[in-house]
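Below is one structure, written out as structure tokens, with a few remarks after it.
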């Protein structure tokens, strides 16, 4: 028993010692882990502090670059501690405070354009000027971009171990672009592209390339005539396919029998080439051979078409420098597609002819007269001249009416047809007849049977009425007053089209009136009430309120002229020298005369 207890106690002691050693090791490892964690935490905090310090330094540099009088050496040193994002912030902040975005430039920004793109007529290119608007000149824009491209893109807190770049600054005298170029066309069209458009098919025939490739046949290799501008001494000739060469050989065998007739066509073409000169004698000498040849080849329509085509091509393109080149149908279609836009632009430029100033002036006055006549109503005349507007309008319009009547009588008397004996006999015959012919349609006569039945019915009704047996049916008549109608309310101002049109007219007049009233030292408030009341009497439609600014200026002049008596302002009277000079100067700028303005104002002096 004692022997058994001894080993057990020894084993317990060994286990206890092992457990104590494990606990001690665990404490040591935990202590080491805590030390590592604290060390890593300290390193992380140091890295964060370093990062924050470099960022703070970069922001401080950005603030310093917003000031004036920046030297080149300071700018080179600043490039080592900032990123391109920091530099773009410098450019934006300087433009906000109306300074040039380039730190070395001390100029102030002037009027900044609002548009995003600019078309350069010097280089024929389109530029995006979003960034260019932050600089005072193209040189500053290019110099800023040149310096920004050298700034490293790596973070500022890891540049201690890197080698700092040697910054270079753009020297004066080197102009830059107007902005970022917009690529409207990937590649310019060349003459070689017309004959070999294979590499362009991906851009223009992406959807239909498969169908065209499947349906391509020998017809694509058939050659058609096409005109290319300019001479082509070094132009590449279109490469012929083997099938087209075989066709050409076969066509030569078939057309050998027509060589004699084609020879006459060649002779005629040579004679036409001689007729290109402006000498009239040579032209007359060529007329007789042409007539003979036309009679010879009248039997062959194909040769006649060739002759006509050659004549048209020789005569039409003799003055211009063009070259007749044979290209395939596929190339011809590609040629048309390439130059479709240019042809449209040239066609629109040639069609826009300059209109004669007199014609433009007449059209302007005609349109304004029609507008003012449509605007004028009886309420307008009553507002201008009072209740007795009829007498005032008749006096002012009596003389032109008499002239028109006299002109009509003279025209009637001077009509040559009225003196013809045939017309006189017809007029006398019409006067002798008890009735005259009318232009109305004549109704067809009723049938005899219907008339007979109606007569018998009428006689029967008369006899029955006198005997007292006939009773008339009471006709139920409904008065128009008894008809019930649903009451309708007038439209409110926000939905009334007439009110909206009046508001539009007043807005247009308010835009042009300050420019007219300013030189006369009259405020808009002096005439606005009367002008508004006058506009409310007009008959406005959706068509007679659409005018150009120059037309609205003339309309405002006319309305000011007719409101002179109503307003009672002496500055608007014709006796005022200042008003007269102002009107004369304004009409000269509009290429009009006082008579033209008078012809517009007289519309409101005549009755409706």
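Every residue gets a Cβ built from N, Cα and C, even glycine.
What you see is a predicted model, and the numbers here were worked out from it, not measured in a lab.
Swiss-Prot lists coiled coil at one of the ranges 33-68, 69-104, namely 33-68.
Around the Cβ of residue 136 (Zn(2+) binding site), the same chain contributes 100, 105, 107, 108, 109, 110, each under 8 angstroms and 6 or more positions distant in sequence. For residue 140 (Zn(2+) binding site), other Cβ atoms within 10 Å of its Cβ number 21. Taken residue by residue, the compositional bias 'Polar residues' (26-36) breaks down under DSSP into 11 helix, 0 strand, 0 coil.
Residue 100 (Zn(2+) binding site) falls outside any helix or strand according to DSSP and counts as coil. The number of other Cβ atoms within 10 Å of the Cβ belonging to residue 100 (Zn(2+) binding site), over all protein chains shown, comes to 21.
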